[in-house]
Amino acid sequence: EEIQRETAYPDGKVEKVLKNGCHLIFFPNGTWKKVGSDGKTVTITFFNGDVKQVMPDQTVIYYYADAKTTHTTYSDGLEVLHFSNGQIEKHYPDGKKEITFPDQTIKNLFTDGQEESIFPDGTIVRIQRDGSKTIEFNNGQRELHTSQFKRREYPDGTVKTVYMNGQQETKYVSGRVRVKDRDGNIIMDTKL
């Protein structure tokens, strides 16, 4: 672009105004700033390779050169980080966070302390504030983990519970209940 005017300042800064209306400002440390002809689009290229862009809608895009990470802040408060390994994090204004890992697992962190992970195979893991965990498998099975027991529910209605003392209880759809001690010995079986 053709230069309309160039000004050198005592502090070493140099400003160039281009005929198209853009302003280029060069700083002594190697950083430079470009202000678009609209006066709203600003790009700052720092001496370390970082780049900050401010868009007309006030969206701020910051690229961290060393980490190869882009951090975009939208005017509504949403922040999105793109990491070099493919991980993407969304930080919502209400405090919720959504992380998409390179393997496409999605983890949601809610403001009330709950977590939810959705795995590529369709498995969903939900962790409550009290530490209890629910796992929904893509085959229809479901597990519940608490501090007292682990329970698996099967699509046919069978429920198997393993208690912290090692005792196992299996309830079948037929109404049959089988209980085993921690060593696997049957201590009760109500065969119908």
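For all residues, glycine too, the Cβ spot is worked out from N, Cα and C.
Please treat TrEMBL annotations as automatic predictions, because they have not gone through curation.
Copied over from TrEMBL:
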DOMAIN    4-34  domain 'Centromere protein J C-terminal'
DOMAIN    76-103  domain 'Centromere protein J C-terminal'
DOMAIN    111-145  domain 'Centromere protein J C-terminal'
DOMAIN    149-179  domain 'Centromere protein J C-terminal'
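When averaged over the domain 'Centromere protein J C-terminal' (111-145), pLDDT in the model lands at 96. Counted with DSSP, the domain 'Centromere protein J C-terminal' (111-145) comes out as 0 helix, 16 strand, 19 coil. Residue counts for the domain 'Centromere protein J C-terminal' (76-103) under DSSP, split into helix (H, G, I), strand (E, B) and coil, are 0 helix, 12 strand, 16 coil. Sorting each residue of the domain 'Centromere protein J C-terminal' (149-179) by its DSSP state yields 0 helix, 17 strand, 14 coil.
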